[in-house]
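Note sheet for the following structure.
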Amino acid sequence: MQLHDFGFINYAVLFGYLAAMLLVGVYFSKRQKTADDYFRGGGRVPGWAAGVSVFATTLSSITFMSIPAKAYTSDWTFIIGQYLAIAILPLVFYFYIPFFRKLKITSAYEYLEARFDVRSRLFASLSFMLFHIGRVAIITYLTVLALRPFMGIDPVVLIVLISLLCIIYTWMGGIEGVIWTDVIQGLLLSGGAVLIFIMICFKVDGGISEIFTTTAQADKFFPTTQWRWSWTDSTIPVLMIGFLFANIQQFTASQDVVQRYIVTDSIKETKRTLITNAKLVAIIPIFFFAIGSALFVYYQQNPSLLPAGFNTGGILPLFIVTEMPIGIAGLIIAAIFAAAQSSISSSLNSISSCFNSDIYTRLSKSSPSPEQKMKVAKLVIIVAGIFSSLAAIWLVLSDEAEIWDAFNSLIGLMGGPMTGLFMLGIFVKRANAGSAVVGIIVSIIAVLAARYGSDLNFFFYGVIGSMSVVIAGTITAPLFAPAKQLSLDDSETSEN
């Protein structure tokens, strides 16, 4: 097997896609008159488009490459996480969306001040912003890491290219530009996954039936050994618990997803957002896992095509640039770029919305004008993008190891307390501002103890972080002043 040059045609396809994304940003820049337009889309976004955007946002380029690699090297057990995202929809429909819609928020964390006080709001917002600056850096870093052996471009140049493009069209187009580029990117990465699987099927002797027969014989779907309980390994019971809390965090306490609930003009359209996302989640991830199984069978039949000592984390890009036709390979690499950019642009816009609402507007002595809000919003996107890019470059130059485990630990440390605060506020009526602060402190201590003082699997960190807030906040509530009267009954709205 010989790696061939990426080639002019593939580069032309890739840069054609990148230029198209810029044009989308230019188009929607004309609609960004106010901060409401910039962060809420003026309520003009249809539910189905917001749903595709949620799907594209949560399916990063790392998912695009790591899921096939996971199925190639081990099994399909991680698909459980996709279906738990669907299972929590009733919870989101009936308990969370009414609060977010009634308060007419820009930032999800405005709810926490309405329910508790400004301390909870600032903690959650700052945690989100810091986490997503790190997330953007890691997504960029891991994408470049996977692509650089095949594209012949310096990794620092790749980082600058990805980051600069995302900053520009996010800066210009606001949330509308982000969502509509997400729609294009979501369709591209979904279509890319289906196309890759079909093409591998044609290359495998015996086709699709041989792929699934061999995968089953190798016990690479849901191995019986994975059904056991473990405190340290990512077995199926652990994945079910861990992904349940990870999805609750993503869909109830993360600004990049919650922001999609408020860009539509009604609760009906917001629910359509989540239903559209659920339909995509039910179908598309199957193709990513099937790609991994198909590659496993293909390289079993053609072992000479796999370089000795090859890092199987890049198994999908390897197949794309060595086995797929010229032009098609460029399109699929564009899909990987699309998966990265959809997550990055969403993070940048949501960081900006949090800073603008929770820090700048909330802490200003006088109410900022719409023009001032817009200037700050665009400046924050640039600054957050630069910091994320510099962090990604540092990761490349320092050749950091264990970055994925550290990333998942960070999710538990920062995402767990945020999720717990929303759960405490919505489900524990007697919880108050003081008990919420106690819950945050206990949660941080508990997650740090689990991370550095035990061998617990990192999937437990989010569970510990969330439940520590709820338990400590409930127990200590009688020690503080009565809670603000903001309940589910108060959230009733006349929206259709």
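Even glycines carry a Cβ here, placed using N, Cα and C.
The annotation topological domain 'Periplasmic' is assigned in Swiss-Prot to 1-7, 60-76, 145-154, 200-235, 293-325, 454-457 (among others) on the grounds of experimental evidence. The transmembrane segment annotation in Swiss-Prot covers 8-29, 47-59, 77-92, 117-144, 155-172, 175-199, 236-252, 273-292, 326-356, 404-427, 433-453, 458-479 (among others). The topological domain 'Cytoplasmic' annotation in Swiss-Prot covers 30-46, 93-116, 253-272, 357-374, 428-432, 480-496 and is backed by experimental evidence. The Na(+) 1 binding site annotation in Swiss-Prot covers A56, L59, A339, S342, S343, and the record cites experimental evidence as its basis. The N-acetyl-alpha-neuraminate binding site annotation in Swiss-Prot covers T58, S60, T63, Q82, R135 and rests on a large-scale study or a structure entry. Among the features that Swiss-Prot reports, Na(+) 2 binding site is placed at D182, S342, S345, S346.
Location within the structure of each feature annotated in Swiss-Prot.
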residue: A56; record: Na(+) 1 binding site; DSSP class: helix
residue: T63; record: N-acetyl-alpha-neuraminate binding site; DSSP class: helix
residue: Q82; record: N-acetyl-alpha-neuraminate binding site; DSSP class: helix
residue: S342; record: Na(+) 1 binding site; DSSP class: helix
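Cα to Cα, S342 (Na(+) 1 binding site) and R135 (N-acetyl-alpha-neuraminate binding site) are separated by 13 Å. The transmembrane segment (433-453) shares more Cβ pairs under 8 Å with 117-144 than with any other stretch in the list 8-29, 77-92, 117-144, 155-172, 326-356.
Cα separation, R135 (N-acetyl-alpha-neuraminate binding site) to D182 (Na(+) 2 binding site), rounded: 18 Å. Highlighted in sequence order, S53, A56, T57, V178, I179, T181, Q185, Q341, S343, I344, N349 have their Cβ within 8 Å of the centre of the Cβ atoms of D182, S342, S345, S346, the residues recorded for Na(+) 2, and are not part of that set.
When the binding-site residues S60, Q82, S346 are screened for a C-alpha within 10 angstroms of the C-alpha of A339 (Na(+) 1 binding site), the residues that qualify, in sequence order, are S60. For the binding-site residues T63, Q82, D182, a Cα to Cα distance of within 10 angstroms from S343 (Na(+) 1 binding site) holds for D182. Take the Cα of S346 (Na(+) 2 binding site) and measure to each of the binding-site residues T58, T63, Q82: the nearest one is T58. Highest local Cβ density among the binding-site residues T58, S60, S343, S346 belongs to S346, counted as other Cβ atoms within 10 Å over all protein chains shown. Checking each of the binding-site residues A56, T58, L59, S60, Q82 against D182 (Na(+) 2 binding site) by C-alpha distance, the shortest gap belongs to A56. Using a Cβ-Cβ cut-off under 8 Å and counting only residues 6 or more beyond its ends in the same chain, the topological domain 'Periplasmic' (293-325) has close neighbours at 1-4, 6, 10, 64-66, 68-69, 71-73, 76, 146-147, 149-151, 196-197, 199-201, 203-205, 210-212, 214-215, 218, 220, 332-333, 336.
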